[in-house]
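What TrEMBL lists as active site is SER165, ASP190, HIS317. Per TrEMBL, compositional bias 'Polar residues' is recorded for 1-15, 24-33. Per TrEMBL, the feature domain 'AB hydrolase-1' maps to 90-329. Per TrEMBL, region 'Disordered' is recorded for 1-47.
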Amino acid sequence: MNDSSATANLTSVPEETSEEDQNYETATETVNKLPSAFSAKPDRPPIQISSQKYAPIDWLGYFDQEDDIRIQDSNDVFHIYTAGTKGPVVFCLHGGGYSGLSFALSASKMKEKVRVVAMDLRGHGMSSTEDELDLSIETLCNDVLAVLKKMYGDSPPAIVLVGHSMGGSVAVHVAAKKALPSLAGLIVVDVVEGTAMASLVHMQKILSNRMQHFSSIEKAIEWSVKGGSLRNIESARLSIPSTLKYDEAKKCYTHRAKLEETEQYWRGWYEGLSEKFLSSPVPKILLLAGTDRLDRTLTVGQMQGKFQMVVVRHTGHAIQEDVPEEFATLVLNFIHRNRIGPHGVEIPGILRPSVSKP
């Protein structure tokens with residue numbers, strides 16, 4: 001579930017018992033050996049065993065390449081995935097416990113129109129930093145700015161910051177610093193200050209109740225889908241492996257990010273988030289999953305037309321993973337509508353707003 005505890009989407013916490021998990025593999029093997037009552041039907045597709053259905057998928061074909069960004073005067077190395085060669089940069093920040101590959105499916109559907117960059121934040125994915133547990137909002141913001149500086153120098157292209165959950169708070173705080181002159185848009189995915197702050201009290205319990213050890217990567221992918229944290233099997237097969245690490249002592253896979261050891265920073269992610277979001281001087285959109293409600297500050301801001309809001313139905317917390325095509329369309333439409341980039345982004349079927357000549 002990871003930092004989805006900071007949203008109202010608390011119902012997706014898996015309720016499997018450890019005994020069920022231990023017996024699952026044996027039971028599956030037994031069932032697969034039994035003759036099927038429908039085996040005589042020629043049109044019945046072959047049974048897809050669990051290990052095949054939940055096998056990892058390589059990111060190649062979704063992103064174009066990966067790279068390591070080494071930060072000067074430190075031992076910090078941030079891993080990024082990139083796709084596309086033209087248009088503004090859509091710079092993606094994942095949620096707590098996720099990785100840059102959380103945006104893989106979405107990137108594959110956007111890269112013809114924009115350049116997509118997805119970063120593994122500190123303590124996550126394949127990034128390596130001196131202090132993996134310093135997830136303070138200040139440090140996370142500085143990491144993002146350092147990576148952007150290293151990538152683009154003093155002449156960055158138009159940048160749209162996209163942040164999911166914890167990454168959404170980082171995107172908002174980066175925007176609030178006004179240290180990125182080429183910032184052209186802000187997209188926040190499924191995080192609202194009021195809901196997040198109210199949910200922090202449950203976060204440790206959710207983290208401790210989730211499955212902690214996996215005998216294989218396939219088991220972890222299966223758990224994420226059956227537990228409800230991800231609803232798109234293809235995306236889970238892409239992104240979940242990068243959220244794990246192998247424990248040599250225990251001979252199993254565990255969660256890469258040690259979120260349970262970063263509690264001192266959680267409040268800082270979300271406190272004052274609504275005001276900072278509204279005060280950002282760039283076009284902005286808030287994407288919400290299901291029925292999450294706005295807090296008072298955002299409700300007033302929406303009534304005043306300070307931002308666009310879209311509720312994406314039939315999806316879980318990770319909108320960009322569950323419905324990547326719809327997510328990509330929302331991002332591209334936002335960029336087109338706000339004419340972001342040298343000439344905006346041309347999207348078939350959408351008329352460009354007319355511009356009056358002087």
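The backbone N, Cα and C atoms fix where each Cβ goes, and this holds for glycine too.
The Cβ of SER165 (active site) has 31 neighbouring Cβ atoms from other residues within 10 Å, across all protein chains displayed. Distance noted between the C-alpha atoms of HIS317 (active site) and ASP190 (active site) is 6 Å. A straight line from the CA of SER165 (active site) to the CA of ASP190 (active site) spans 6 Å. Summed and averaged per residue, pLDDT over the domain 'AB hydrolase-1' (90-329) gives 95.
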